[in-house]
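Structure, as structure tokens:
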């Protein structure tokens, strides 16, 4: 499979009133064509910032360096005009909160037609027909009724389906799903995940799936990247990651997933997430790591391929310049 | 909420109904002034010196002025002038305010800084004083009065729109629109503007009343509408010299202004009540 998106050495700093927040600390990742890549991590570890960077939607106080290669072209060097043609057409995003992602004042029809005509050279009637098709594809049985509704007349699950339909309206090659199920009921969550999987099979786009829910990752993703405090600490195929986690943080994460079959006590990670204004030196995880040594305090570990397709950034697994 | 429900809320409050009725009546009177005024020629300024300063009677319900003109007819024609001033001042101020406020609020940064500092300069002057200054620079007349008032009025709208734009631009659907590749100007028109329009409607409605009042003040001070145009402010100004002996001359135009301004304020309150559920009085 070819690489669709390649992020190389991406650093992002936010200038804030309290100092410079080092939000992304040189991340590297690749999303292949037709795969679902999961990005997991705690709140504030940089998952959503990564998504915003790909679409170049960062606030103006962000400083960016590195490369975001999409189909071989660096998105960070594109003009605003060129980016506008990529957003929604080549790369689409669906957001966490479907309740507020639609403009409350317009009917679904107007909003969908707007988006469809934006990137496709279609008349209003053709766009409406397209909208109906899309709504049917995302499993809304009465598209005409949905088109005539205002957002508040639809349930959360229906709205998220509408958002997905809008995101797919121009056949994007990459769909970024930024915690698309977090705000939904568990049963609806399951339906939406299934839908994304089916649509991916039909249309063949790639998905960058951002979540903090390891259960969702296990169910959906082909490969997973684990983020901690602005770093990618481990990337592996999903099964491999769950069976053979290498990084102490990943191991910690997996050990706190409750298993209803056994009544065992969960072993939480000690300490808490560091402030990005003043992150720990060396490996950002070292203050919470049981295995941390002197090297971890001094030097940032690089992401290395420990076994085929399994990458880890940890001094335990060597591969450092020393 | 459906339209019928809005209308129901509007009609539940008696004061709203009164305000709305008065305004509809005023608009009606202004449109059909030539048919309603008993002496249209006198209203436009033709003197009738035989009947100078007559008290109110069946022939002249509001009496006559120092040139014998029927004050009732002139008050009716004055509604035209006043509504014209009220609506045009607010429309001009609103258009400027919308344009600058949206740019300042949505883009922020340097645009915001520049536009808001200019706005501050205008806001530093007492509004009537600024209008006086501009009117005296531009010269007398109806159009110049409108322009002067509009120029002293737009900063309020700019601030209001900017505030709304800032609060709306961070809502997820704006971000979603951006992520779908919608251009900035389209986001402003489709998303920011419609979602920030409700406080504007309230403000604009009330301001029509205030603009009429300030235009009257300009006319009173001799900088607004010039004789023989029928204008309430001007009539009060001319009538003040006769007030002690011929009370009806300034009183009826004054009442007209009073009632008009109150009506627009009542309507503004009513609209606010309809738009903002928190302000709704449940029992009335």
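In case you wondered, yes, glycine gets a Cβ from its N, Cα and C as well.
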Transmembrane segment according to TrEMBL, located in which of B:56-72, B:141-157, B:158-174: B:141-157
The transmembrane segment (B:15-37) touching the transmembrane segment (B:208-226) per 3+ Cβ pairs under 8 Å rule: no
Same-chain residue ranges lying at least 6 outside the transmembrane segment (B:141-157) that approach it to Cβ under 8 Å: 81, 84-85, 88-90, 92-94, 96-98, 100-101, 119-120, 122-123, 125, 127-128, 130-132, 134-135, 200, 203-204, 207, 211, 214-215, 218-219, 223-226, 229
